[in-house]
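A.B. asks: Before I ask anything, let me first share the structure, which is written out below as structure tokens.
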Amino acid sequence: MSSITADAASAPTEEKNGPGQPDKNTVLALLQLLRKYNLKATEESLKNEAKLSELPSTQSTSDSDVTNVLSAYKSEGDPQKYEEAYIDLKQFIEGALDVYKHELHTVMYPIFVHMYLELVYNSHEEEAVKFLEKFRKDQEPYYEDDIRKISQVTKREHMKGNELIDTFTSNEFIIRMSRDALSILKRHLQEKKHNVLSNVVQEHLYFDMYEGVARNKQQIDATAGAMIGEATRQDNKSKVYYGMPKEPDIQLSVLVEEEEDGDGGEGDKPKKKKAKKDTLFSRKTKSDPNAPPIDRMPLPELKDAEKLEKAKALREATKRVTLGPETLPSICCYTLLNTSQTVSCVEICEDSSILGVGFIDSMIKLWSLVPQKLRVMKTAEQLADVDMEAEDIMHRIFDDRNAEASRQLFGHSGPVYRLSFSPDRTLLLSCSEDTTIRLWSLMTWTCLVIYKGHTFPVWDVKFSAHGYYFATASHDRTARLWATDQHQPLRVFAGHFSDVDCIQFHPNSNYIASGSSDRTVRLWDNFTGSQVRLMTGHKGPIYSLNFSVEGRFLASAGSDTNVLLWDLAHGHLLAVFTGHTATIHSLAFSRDGNILASGSNDCSIKLWDFTKLTEEVLEEVMNVTHNPEIKKSSENYLLRTYSTKSSPVLGLHFTRRNVLLSVSMFDGN
């Protein structure tokens, strides 16, 4: 890795036009700094020169003022020098050899932004606007949204407290560049001696240098687009336990016992079924070398009801249809009518028996998708008469007379943005604009806990596949890990530069992935609290994430209408699936992991051949250098597109038997 150095000092410093009066706030902030470090002689000297008789009280200047002064953009006096330097850089890059041209071009955008901000900071407002309008068309289209936001900052006062400006001024823009291309750029800076250019490069850019051939435009574009540049190679060096731990043997024995009971003790049937289960789960008897230690994340003991539920899931898995190009899934689409612009989220529980819908008026509504209605637990007086030792206790504690096909939950004071069911379907999590997360009992249909910790709207909430733990994502730019029995978060994951829009638990519960409006996907270790992967390549906010069944791969999608597939082993982008024409809000892997489904606001569902992609990846020698090949030929992987009639797709869910359930909202407009 290399930080570029340029001989800026060799050029004579330009004198400012006229003596001018120093900015009073700047002088006061500097005096405050001198007083802080007890530099009395220097403080007196500066006061005399600035003709200030006394330093105002500490309330009039603050540490932030001092910081602003120290991090302020340098002024080169003549605003025309910025345009001259930028044009000179542009001509140099256009005249470079084709092999280096595309990598050299990556410096144009951050230099363009910082030169504009420097002009604004130094009160050259008119020149700043002209500079921006003249050169904005030279930037890549995926930066247009950021440029539009920056263009609204035309005075120094506008810079204070602006999220995007703060991100640019307090972080270096990361550029991955080959040694040869970087040497050419250094040479140009030393020869031309443009102070304005050298200052920006020295202070605001970070070069992640690598040995080897420079990348072509396609390779650069695939991983470019994030708010502060590409991920460095160091960001993805950590060991990730992406494998799945061995399933407890208790599940298999419980399953066989239950089936023996169900078959009425017939002689040979249980043996046949047991053999079938062994065949189904033979691959899980081997320990995965990439799986985390079984005790790495402490998980609660399985209750008897949960063991029976797992046994039921295994039994259903034996009847699962194996999907592929020749066997596409059946799709059942639930369409919400008369709800245009009122539904904010949908969720289907793991066993596909309950549909939950969140509304912008803060209501949550749940429907039973099976003949059995939503039951409520008996009152305390009635429970006193129930035999707690009975084998069918879970049936006896419910009152079937009050069962209903749908139920409503009220409590939030703002739009409900996401729902998540616990694996055993006894609990429901919801998050809202009101900054809280609520835990609901689906046995008593009441709110059990209100979790407070985020200071802004909470966009997403997800239960772990093992229950107990859950994760949240918020407008406050953090993701958090919680446990249902703790009122404070266990971990706060900070690092994103904008809203964390979506969150997803890894199937082994050791990691969570977060997608953000800063156009990055990050993987966090729940055990250590540290970031272990940073993946760049999206060109817009990310709204959906999903891990593959075996845990090695991650799919992400959002407003740029593309589905990106990542290899967590190295943090590399493997493929970009294109074809949707509007924001993608839902991704789902089939239960066998063969097919990836994506649902979009363009009123369509697309099915992708994920097995074909992974086979190709595993057959190839994995290139762990700076420029792995990225597959972009979507026609090779797209199996089928299904369209709805004026109904954007809000949610997708594969049942245990691999039927694809879709939830959409009819929009007559």
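Even glycines carry a Cβ here, placed using N, Cα and C.
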A.B. asks: For the record in TrEMBL, which of the ranges 1-24, 145-168 is the region 'Disordered' one?
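C.D. replies: In TrEMBL, the region 'Disordered' feature sits at 1-24.
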A.B. asks: Mean pLDDT over the domain 'TFIID subunit TAF5 NTD2' (76-205): what is the value?
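C.D. replies: Averaged over the domain 'TFIID subunit TAF5 NTD2' (76-205), per-residue pLDDT gives 91.
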A.B. asks: Could you put numbers on the helix, strand and coil content of the repeat 'WD' (409-442), residue by residue per DSSP?
C.D. replies: 0 helix, 19 strand, 15 coil
A.B. asks: Take the repeat 'WD' (493-534) and count its residues per DSSP category (helix H/G/I, strand E/B, coil), listing them in that order.
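C.D. replies: Grouping H, G, I as helix and E, B as strand yields 0 helix, 24 strand, 18 coil.
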